[in-house]
Amino acid sequence: MAAGFLNTCTVQKSRAVLNRVHILFHFTAILFLLYYRISSLLHGNVPFVSWIVITISELIFTFIWILTQAFRWRPVVRTVEPENLPGDDKLPGVDVFICTTDSNKEPVVEVMNTVLSVMALDYPPEKLAVYVSDDGGAPETLYALKEACQFAMSWIPFCRKYGIKNRCPDAYFSSSDDSERLVWSDEFKGEEQNIKLNYEKFKKNVDKTSDVEESDRPDRPAHVEVIYDNKNEGFEDDQSKMPLLVYVSRERRPSHPHHFKAGALNALLRVSGIMSNAPYTLLLDCDMYCNDPTSAKQAMCFHLDPKISGSLAYAQFPQVFYNVSKNDIYDGQARSAYKTRYQGMDGIRGTVCAGTGYYLKKKALYCRPGNEDEFLNEAEKNFGHSSKFIDSLTALNGKPVNERENLSAAIIEEAKGLASCTFEDNTEWGKEIGYSYDCMLESTFTGYLLHCKGWKSVYLYPKRPCFLGCATIDMKDAMVQLMNWSSALVEVGLSRFSPLTYGMSRVSILQNLCYGYFMFSHFFSVPCFLYGIVPQLCFLFGIPLYPKVTNPWFAAFATVFISSLCQHLYEVLSSGGSVSTWWNEQRIWMIKSVTACLFGCLDVFFKWLGIAKESFRSTNKSIDQEKLEKYEKGKFNFKGAKNFMIPLILLVLLNLGCFIGGLKGLIHRRNVEEMFGQGFLSLYIFVLGLPILEGLIPKLSN
């Protein structure tokens, strides 16, 4: 590598070639399969209803398969060289946004651990600011933030002094890995013990307050409070310096729409604009702590690269989870997304925005590349009536402004106005400016719009995960989370922003196919459900849907099936997985397709009819010991998920019944060659669902 390079981008050529060869081979088999289906229907010598249903299902499968191939066309891997960055005095500022909503589902101590890990980032403290948005308006969150600030005054110097990498205190003290404790001097042991005692005291104080305070107030004024202002503090040494820390609870009134997380993020954009006004922001989920303090500098290796920085909107890091078991029965690690699809999409102008763990250029939310003054010509009309915030936008565009003021009472009052319900009225916030309000998945959809405006993104998967979060460990939370995603994305796919229309002329064909996959792949649920019913019923009554095993056309069906399984197995093994991982992903894919994805699609339909309303179902991030024990043993936990599982258990039982009944018919009719495909399909679905059935039937009987 030439000296001075900040990053490299390497195309995975062998993987790309294998992928392209497989695409050609598999697509040829699909064409033969569809030709057989359609020609048989046109000749009219087959049962029309069952064949037309199966043919439509296979056409939907084909459409979604075509969308998927864009991820496989040009996968890339990126590396960074932070040592080639300019000195700390030349690094840009970074504002960190952490959003929390419900202290009952998002434990306050866990949120504070995320805050502490961010405050201890290996980045100039005077150029770092941390903003905590509390959409629940919980008094215990504000109290805990003040306690966390006190604890940080001893925790951050300790981390810097001894070069601690894991700067989340809970993870550090609960880890049995001694690689962080390279210094075993008496001084280190004494300081570590004192820090641990302080941390236990901090947790005790926070937990005690959480038990007695009211956790949510939906009708309240805006509250903005500076917990720690690093500009007014004097420091004896650099190790003791801390970043700006601000608590923000925007105004909430039942009569005004609050736009969920997107509204909270837009409020943070405005409040941070008149306080620290960093050109970049890191967005983190409240349960995703910093596992590598160098993440900001790694991101700057892209944002400060003159070759790509002009059109770069964000640098995305993968979501990695610390509590994923070896079996990972719920596919919490989302291997196919973070180790396959994101790398593939990165090779075609940039990956999707995951909603957490990304460093964003704020300016990208306000204009198109190279058109900084796009909305500043009518600034008050577009951004609202705040001269201080409009001045901050001028600073983002690189024009000279005065140095940051002290955070006086006047600034705080201005910030409260920026966080009010009515500030956005008759402006472009949520439309052309900031995070969009047109989708519940605000970051993913806003990232899509940024790509449509001409911005690009990059994806970095470092050896040491920069961020670690908490994955769902029971079926209910996994289903609720996926239903939220599928409902929101399907809505976009059917709206005026559909990649089939809006994105077609705005992004490249391959990138558009990728976004099409995210928005239409949940329709997998429809053909999956039909494929779990129609062939089995036909098998039971002796109605053939597939050619005889001895018929050459049967090879097309067998090839598509085996080719799909082999391609999936190759991707799993090449990304560090095992055969067990492959099987678990096959199983959870079937479960999710006919449950959460199906309910997500139905949710969109009910909203269209006016039966259902727009709502956000938050997942529970608190850890239950009973759930954890079941999860670590590889046992499915269906507590609270009965309604989600009804379609699945019906399918599994139907496949078992039809398989047994169909076998009796085969013995009587002696037509094994004709019915082999349907019998095998029934058995395959039943085997996939058998472990789920074992855990689900006792729950339903209770």
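Cβ coordinates are placed from backbone N, Cα and C, and glycine is handled just like the others.
Taken verbatim from TrEMBL:
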type	residues	note
TRANSMEM	17-36	transmembrane segment
TRANSMEM	48-68	transmembrane segment
BINDING	Lys105, Glu106, Asp135	UDP-alpha-D-glucose binding site
BINDING	Lys261, Asp285	Mn(2+) binding site
TRANSMEM	514-533	transmembrane segment
TRANSMEM	553-573	transmembrane segment
TRANSMEM	594-611	transmembrane segment
TRANSMEM	644-663	transmembrane segment
TRANSMEM	675-693	transmembrane segment
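Residues 18, 22, 25-26, 29-30, 32-33, 36, 335-336, 340, 546-547, 579, 581-582, 585-586, 677 of the same chain, all 6+ positions outside the transmembrane segment (553-573), place their C-beta atoms under 8 angstroms from a C-beta of that stretch. With a cut-off of 8 Å between Cβ atoms, the residues of this chain six or more beyond the transmembrane segment (48-68) that come close are 26, 30, 33-34, 37-38, 40-41, 513-514, 516-517, 520-521, 523-524, 526-527, 530-531, 534-535, 538, 543, 545. For Lys261 (Mn(2+) binding site), the nearest of the binding-site residues by C-alpha distance turns out to be Asp135; the candidates were Lys105, Glu106, Asp135. Between Asp135 (UDP-alpha-D-glucose binding site) and Asp285 (Mn(2+) binding site), the C-alpha separation comes to 13 Å.
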